[in-house]
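> The domain 'THUMP' feature in Swiss-Prot is assigned to 43-157. Look at Swiss-Prot and you will find H173, P174, A175, H176, L177, S204, G205, T206, D261, D289, A290, N306 tagged as S-adenosyl-L-methionine binding site, backed by similarity to another entry.
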Amino acid sequence: MDYYVTLSPGLEKISKNEIESFGGKIKEIRENKGRIFFSGDLKLIPKINYLSRTIERMNILLHREEIPNIALDDIYKRVYNIDWTEWIKENQSFAIRPLRAGEHNFTSIDIGRVAGEAVIKSYQRDKNIRLKVNLDEPDVIVRVEVIFDELIVGIDTTGDIALDKRGYRVFNHPAHLNATIASSLVYLSDWKDDEMLLDPMCGSGTIPIEGALMKRNIPPGKFRENKYGFKFIDIFGYELLDKIKKEIVENKNIYKIIGLDKNQKYLDGAKDNAKNAEVLDTIEFICGDATKLHEKFNESDVIIANPPYGIRIGSKRSVKKLYDEFLSSAKEIMHGSSRLIVITAEDKMFKDAIAKNNFEVKEEFNVMFGGLMTRVFYLTL
């Protein structure tokens, strides 16, 4: 079966490794576009929805085609020719979730209207039954995307609420990091079991929590199952997911994870989130200043940070000072094999701080985060 996933653009390399670890065979990676196409068996559906830490949505690919000067009639014909009786039961409702990118003489609303009509007519042809449409809470979500001249039609196995919404969060920081990006940064750091992980500006605790979930082999889908659910259950039932759950072996090991923040309110919220995620006992939350790390710690193996960008929190001038002093302090507690991973939208300002503190940039790349272009830096001494 063919599939495609969506994720934060820029993190395709990390999600590719995750898909392959689940047994998926990569067919195409859309670099910096947040899409990966692959194939595999049905088990991939519950595996990715329940176990993936870096992917936001998984879809079954029903049709993909380049159509020069694509028109609404082209969309109708391709959608009409799909056997919808295979995916939608007679008593189920459906909804089209359209997406359009590029220059066209139609809107995404037009795509939704035409595709919806095609599904209804196609089903009537095959079953002599008119399917129900439910735009708010459909049983089956059909994704119809027109990306320039390409038409992509798929069944959404995740649902309207993407996988980055884990379900454990009870406290929201005003600039909290997307959970799938946080997990991707932890993967990037190659953090070992016996190493210390420090987030010096932890906010609501996303990075420490995602790191702890990873080390304890706690599936991220565990907390969203009852809160948000998974759309594939409506199509395939619980059997596939139950089989995956039986294979999971969690552990209660204690790992060296520290979340630091100078705002006690954020720390209290982070503790609540960690408690909900069943990892509070392995994370030490400390009130402290990211520019004075040497006063709290002798050394750290892995530092991962999502510092303020000066957009939602802090002014540009204060951010520049923070970056300079943070890197200066981080350098004092790093050793030869330490890694420092930072994500920021103020990459020019951060590059100045890197140069000023003589760090080596091992890797850097762009990541789209909430409509904002950010840059990830992997630094060593």
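Cβ atoms here come from the backbone N, Cα and C positions, even for glycine.
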> Per DSSP, what is the residue tally for the domain 'THUMP' (43-157) in helix, strand and coil?
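The domain 'THUMP' (43-157) comes out at 40 helix, 36 strand, 39 coil.
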> Helix, strand or coil: which one is D261 (S-adenosyl-L-methionine binding site) in, per DSSP?
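In the DSSP reduction, D261 (S-adenosyl-L-methionine binding site) maps to strand.
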> Widest Cα span across the S-adenosyl-L-methionine binders H173, P174, A175, H176, L177, S204, G205, T206, D261, D289, A290, N306, in Å?
19
> Counting other CB atoms within 10 A of each CB, which of the binding-site residues A175, L177, A290 comes out lowest?
A175
